[in-house]
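Participant: Below is one structure. I have some questions about it.
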Amino acid sequence: MASNMDREMILADFQACTGIENIDEAITLLEQNNWDLVAAINGVIPQENGILQSEYGGETIPGPAFNPASHPASAPTSSSSSAFRPVMPSRQIVERQPRMLDFRVEYRDRNVDVVLEDTCTVGEIKQILENELQIPVSKMLLKGWKTGDVEDSTVLKSLHLPKNNSLYVLTPDLPPPSSSSHAGALQESLNQNFMLIITHREVQREYNLNFSGSSTIQEVKRNVYDLTSIPVRHQLWEGWPTSATDDSMCLAESGLSYPCHRLTVGRRSSPAQTREQSEEQITDVHMVSDSDGDDFEDATEFGVDDGEVFGMASSALRKSPMMPENAENEGDALLQFTAEFSSRYGDCHPVFFIGSLEAAFQEAFYVKARDRKLLAIYLHHDESVLTNVFCSQMLCAESIVSYLSQNFITWAWDLTKDSNRARFLTMCNRHFGSVVAQTIRTQKTDQFPLFLIIMGKRSSNEVLNVIQGNTTVDELMMRLMAAMEIFTAQQQEDIKDEDEREARENVKREQDEAYRLSLEADRAKREAHEREMAEQFRLEQIRKEQEEEREAIRLSLEQALPPEPKEENAEPVSKLRIRTPSGEFLERRFLASNKLQIVFDFVASKGFPWDEYKLLSTFPRRDVTQLDPNKSLLEVKLFPQETLFLEAKE
């Protein structure tokens, strides 16, 4: 039985030779032939490429034999009925459909997206960029090709490019924007961001890293250590400018190209180790010739070259881990997982939640019922032969990505390393119980990847479904939709319960508010009554004080009055009769020589102060209080007797 690594190599060779792009179909055909590469190719090529195969004893059609350069003409023959025989095409060979390639081209602070068929040339890309950037083709250097510099006449198909590509434009003949002084230029560079395109030589992987101009070369090397696990002292660099002689130098003054600069990093190693690693990546595929010595035609006749035949196998050997071993911080581990997943399978993939599993629970379950979602946990395993198929064909399908984004929170973990596997099983046992943990623990490698669908409940988290990697897009979508139906039914109940609970809480809040308003109204009435009583008390006190003051004044005036003269007196006597507003009369005798003020004091001593009342005489009618109080009664003609009236002043 072929190992997992051998299977990936066989699968890559089988797809390259047959041109079958559907990985599910390729695996099915290989499994039918017990992973025998030659038998599988013999069984597929007649149907897929329109080539007839001779039967036992059948008459062979005259024609030239297939003579690959790798087999001499004197090679021993075989009588196998499955051997390749000279054939003539019975129908037209199916032509390869042109691929659509996506290019993102960066120039200074602009990004231009270009989509072309792989039958186009590099020059056609430049023509499009000339219209977009207004830069003549003759002044333009298009960089970023993995194979180095290419000619404008190079056909894209011959470069064997992936679907998504990143390029950048350099214009060395065009003057860059000038600054007023060197200090100003340096300050401007310190504020700029440099894109460093760093190629990891051993694994043939590119990292696009952004650094500010104030970052140092040492900081770049430390960041590269975090990504490649190559210590700074073991890093072997290519591409630094000659002026970058000190690791403490900032990028702005190191002479890097702006906006992007290409660098290459590798591990310092002996030539013998390098040769040994190269030899381990070489894979030979031997075909069996028939009894007549006919050989299998070269793979280039099928439209693929050696790089396409062995590229997938070499790529598999150079894979970077999805997660660092013994990952301490789940957020950092998932950042690396997302970056590596994108580099392998493209940018069209589910949005993986960056954070701990507990944080994913909070995001999915511990919100309002209307905002809750299902939690999908993707468990990756690099050693499973199904991983590449599941990720590229199913998990990255646009329909799956869209459905997951709308209805799920997607969290991922890599179980390839034993330490990471043990850590996830611990989390699984804590959150889902020992039964689910044991189920995952007993899964075989070839049953991965797994897709767990989790629904949050009031007291626990329920695993609705465990989807294994040997599925199809339609089946995966059906199982996701089935889980969504269960979740929707539960969500409707939760929404109803939540609405009822919120209604009860609203009623309680309204009652509490009404009670509070009632208490405030009672308190306001009580405070108003208290203020009224206090005001009445204050006014009463003022009134009493005024009465006491008036009484004191009255008594003092009464005591200050001269004694009333007798009727028979040697001096002239004036008798005054004063009518009060109530109709009563006040009578008293005064000496004719007494001043008018004494009359006023007498009236005031009876409770009628002269500043509040006025004295009026009848004949003639006059206001006595307007007369001079220092004149005598005789002078004001209130002698020998007079009747006066008291009247309140207005």
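For all residues, glycine too, the Cβ spot is worked out from N, Cα and C.
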Participant: Looking at 62-87, 504-529, 530-555, 556-581, I want to know which stretch Swiss-Prot calls region 'Disordered'.
Facilitator: 62-87
Participant: Here are some residues: SER289, SER419, SER582. Which is flagged as phosphoserine in Swiss-Prot?
Facilitator: SER582
Participant: Measuring Cα to Cα, tell me the gap between SER582 (phosphoserine) and SER320 (phosphoserine) in whole angstrom.
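Facilitator: Cα of SER582 (phosphoserine) to Cα of SER320 (phosphoserine) measures 118 Å after rounding.
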Participant: Counting only residues 6+ apart in the same chain, whose Cβ is under 8 Å from the Cβ of SER320 (phosphoserine)?
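Facilitator: Looking at Cβ-Cβ distances below 8 Å from SER320 (phosphoserine), excluding near sequence neighbours, one finds HIS200, VAL203, ARG205, GLU340, SER343.
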Participant: With helix taken as DSSP H, G or I, strand as E or B and everything else coil, how many residues of the domain 'UBX' (569-646) land in each class?
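Facilitator: With helix first, then strand, then coil, the domain 'UBX' (569-646) has 13 helix, 29 strand, 36 coil.
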Participant: Restricting to the chain of THR580 (phosphothreonine) and a gap of 6 or more, list residues whose Cβ falls under 8 Å of its Cβ, or answer none.
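Facilitator: For THR580 (phosphothreonine), the qualifying residues are LEU586, LYS606, PHE608, LEU646.
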